[in-house]
Amino acid sequence: MIMKLTSAFVFLASEKISSDSLFEGFNVDLKSTADLIKSLAEYNPTVWSYMSAITKGIMQPLGVAILAVVLILEFSKMAKKIANSGGAMTFEAIAPMIVSYIMVAVVITNTTVIVEAILAVASHIIEQVAGVVSHGGTAYDTISGLKGSGIVGKMIVGLFAIMIWLVRLVSVMVVNILITIRFIQLYLMIPFAPLTIPAFLSDDWRGVGIGYLKNIMVYSLQGVLIFLIVSLVPLFESVGKIAVSNGAEVMESLAIMFGGLVQAILLIIALVGSQRTARSILGM
């Protein structure tokens, strides 16, 4: 059993392992995070069709009904205000309100467009950040000093290789889970848009509409934060990779690799808290 483990460690510490492969945490490109730039219709067309049908068939008529109720209440409030001031209900007085309600009625029938527009802004930011990251790569030499330190040194390198590989595996799972949860939350928000948009016309209920849009912005911003956090991994590790490739001592190299491992774990924690960070940025 011990010989099998030793052979596995030695294999992982073979000449094929370089400082790049040891430190690698995420693939910082649009391949590993491609879903972040997808629209709701592209991510899962079946769910999108289902939610769109609910929105148009059930929620939009309810939204129009709510809009009519709000309109009646606002007209009643305006009539009382004009009557108390001794004035008369004129077209000039009610025209701005009528225009506002017509605009809201149009928005109610196109709520999915608003959500998609907010997500499109986030996708554009992610694509631009990906372009910046992809232009900053550097090649590093293999860890020849550690490879020449005997069977024990190779076992240590193999151990770090396994640990870093496990962190990579967990990090990829975390990213995929967070992206999936983010899209589920966005899909669940879509049908309720027609119910919250009319709230903008009421002073008492305007906070409901603002809160809805803020939540959509939170989920969009979370996608940007996830990609930024992913892109930080190689940037944090680059200093250690340079030190190792420049011929650092064995213990120093091991300390650097351990530090890189800890940083990768901390960045996973940052991934989990990405939605909370997005809410803080938007003051929620």
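Even glycines carry a Cβ here, placed using N, Cα and C.
Residues 94, 97, 101, 104-105, 108-109, 111, 191-195, 197-199, 201-202, 205 of the same chain lie 6 or more positions beyond the ends of the transmembrane segment (58-76) yet place their CB under 8 Å from a CB of it. What TrEMBL lists as transmembrane segment is 58-76 (among others).
The transmembrane segment feature in TrEMBL is assigned to 88-108 (among others).
If you look up TrEMBL, you'll see 155-178 (among others) marked as transmembrane segment.
Under the heading transmembrane segment, TrEMBL lists 184-201 (among others). Counting same-chain residues at least six beyond the ends of the transmembrane segment (184-201), those with a Cβ under 8 angstroms from any Cβ of the stretch are 40, 44, 47-48, 51-52, 54-55, 58-60, 62-64, 66-67, 70-71, 74, 100-101, 104, 107-108, 111-112, 114-115, 119, 207-212, 215-216, 219.
Feature annotation from TrEMBL assigns transmembrane segment to 213-233 (among others). Sequence-distant contacts of the transmembrane segment (213-233) (same chain, six or more residues past either end, CB-CB distance under 8 Å): 25-26, 28, 32-33, 36, 115, 118-119, 121-123, 125-126, 129-130, 133, 171, 175, 178-179, 182, 185-186, 189, 263-264, 267, 270-271, 274-275, 277-279, 281-282, 284.
Sequence annotations record features per position, and here TrEMBL assigns transmembrane segment to 253-274 (among others).
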